[in-house]
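Listed in TrEMBL for this protein:
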- A:T179: active site, nucleophile (ACT_SITE)
- A:T146, A:K168, A:T179, A:E259, A:N378, A:S383: substrate binding site (BINDING)
Protein chains: 2
Amino acid sequence: MSVTAPLGFRAAGVAAGIKSGGARDLALVVNDGPSRAAAGVFTANRVQAAPVLWSRQVLAGGRVRAVVLNSGGANACTGPEGFQDTHATAEKAAAVLADSAGEIAVCSTGLIGERLPMDALLSGVETAATQLSRDGGLAAADAIRTTDTVSKISFRRASGYMVGGMAKGAGMLAPALATMLCVITTDADLTSEELDATLRRATATTFDRLDADGCMSTNDTVLLLASGASGVRPDLAEFEQKVTEVCADLARQLLVDAEGATKAIAIEVVGAASEDDAVKVGRTVSRSNLLKCAIHGEDPNWGRVLAAVGTTDAVFEPDRLNVAINGIWICRAGAVGDDRDKVDMRPRDVTITIDLSAGPYTATVHTTDLTAAYVHENSAYSS
Amino acid sequence: MSVTAPLGFRAAGVAAGIKSGGARDLALVVNDGPSRAAAGVFTANRVQAAPVLWSRQVLAGGRVRAVVLNSGGANACTGPEGFQDTHATAEKAAAVLADSAGEIAVCSTGLIGERLPMDALLSGVETAATQLSRDGGLAAADAIRTTDTVSKISFRRASGYMVGGMAKGAGMLAPALATMLCVITTDADLTSEELDATLRRATATTFDRLDADGCMSTNDTVLLLASGASGVRPDLAEFEQKVTEVCADLARQLLVDAEGATKAIAIEVVGAASEDDAVKVGRTVSRSNLLKCAIHGEDPNWGRVLAAVGTTDAVFEPDRLNVAINGIWICRAGAVGDDRDKVDMRPRDVTITIDLSAGPYTATVHTTDLTAAYVHENSAYSS
């Protein structure tokens, strides 16, 4: 179902020859309207790939007719020539769709610092345009995979309209290949301002709280496109809930498919003085290599949790910290709590609950364990 | 030579039975004066071990008669009882030395969250006191090892006085066992204020720029003790230089001995608008797991350098960044530079030079590669 679940969208995924080996590597998603309102969120990295620089400008206009996505190359750190390549990609899609390049978004993923094979890419856009269909969502989701072992798709049915989405991400979790890309579609009728507000809130509590190795891509992009083809003006609260569910579902799929990971770790911070504090503590703990190694070894090492919490400036007193792992409060009041042998570390899902005893706010950050397989995968990529 | 190289110091290292297996695990370093001026720097972690809380109070007085150091247990996150254990350790050392507990510093290293075996520790202090000697520096350096494969010692001769030191640290670099501990001694005659200023500047450019896994210990402690036994009032600039050399030498030994590391990586930031910017960029790049994996795989992956630089708020323009690895400028003006095949990645020492093109300031941060051996060592520690 993917991005073609909602009415008004067609998609295709083709093998353009950007990747060696003949796998699908180019996707095209087209919004046939009647509306083409759109919003996007992009990487906060200051080193931004050419397609991010381009698509930011497109999205500033609030309208997107189509998105071209390629795997096999990130087109990042490629200088003015790389930007011209992205521009040419948008111009080609505009030509085949008889539309304006200013409403064509472009996303790329793959190795940083290499130019894209433009002949292959541009003829791929032509081929994809001939294969656009209402069934093309799965092929498109397949074409954006890099080291992803499976396609990531999701959809939700709402009151008279649909929300659909696709994502790729070995990235963000363990970005051997830079980047998390995501396209979400809906046939509800909304303004670009409404889409923007919805998307920012939905990503803030889903993709933004997925932090497997602390490495931020140069290419991360999440787009939300509305065709209005259902004719339904949605209740905004319901719409935000559905978009958030699709984002959370895709984020979960990214986490489960993260390279080398054997554990999905939820770091649940409670008792925080603010939501910012809760997120900050969760993110800091999620970036502790020592803790991630311990969880990989099925060691409920709460000392490493406290050592990480202690590096933040969140409001807390060290002797009021409590930590539970998989429901057993093995640290109470900053010291030894219940018997660590009671903690069952065998399940794939591990929940670490950190009670800051400082207020009513909570947040959960998701990460994975650190494994020898992660090291192997990321040691042997471009060479 | 270690901490007993300067006049006025005796030391001992004994097997007190804190560690299982009979290895040395308790060190005592005594300053016989005539001066006992001292200074200390401690972990910035807000979760601080009992010996850190204790020793901070001792050092606030600017005088230290002796330091008790133990491996085999960090005495961190052990609550009020743990603090009483540290207090009892200082009282025991004071009793055997017929001195005041308020001038006895205590350092501990090992697993977080477990009480120390106090009977063994206190009788170890008694035994160590009987073995104190002018030759005891090596035994003391041996006794504070955890997963360190070798003892770390250093000394420098200056104009009429000496500076000596010992350190341990699987910690800070790859702290499977929490902590970097370091004791530096001198027989020069200085005030505690002079020692404090010297130590802060010396550690700021040495130990503070060693960042292997971004994990900050609850126990890190660096002490500087002056006996004045040489009778020499040193030139302060020369003294700072010698103390900095000892710190740099010990820091280098820590780096080379880091658990699981196969590469010593120097991240040299040049062209920064401020020293703070240079340190910030160096530290951020040193914490990129992706880059550390790439270096392990001998892959000169400059894209991962740029992706890390881009997450900082340092002053720079993305299209003016230049990156060299082992002297080859493989990224120029934010894009592809010289041929990456020219980079020789085989040596153990790897230098990554990042030119921000934003000003005249520089800083170098040292780190190691990320290896499967690191994961193994830190997955299998406490369980």
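Note that Cβ sites are derived from N, Cα and C of the backbone, with glycine treated the same way.
Location within the structure of each feature annotated in TrEMBL.
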residue: A:T146; record: substrate binding site; DSSP (3 states): coil
residue: A:K168; record: substrate binding site; DSSP (3 states): strand
residue: A:E259; record: substrate binding site; DSSP (3 states): coil
residue: A:N378; record: substrate binding site; DSSP (3 states): helix
Chain B, Cβ under 8 Å: which of the binding-site residues A:T146, A:K168, A:E259 qualify = none
Starting from the Cβ of A:T146 (substrate binding site), draw a 10 Å sphere and report how many other Cβ atoms land inside it.
-> 23
A:E259 (substrate binding site) has how many other Cβ neighbours within 10 Å of its own Cβ?
-> 24
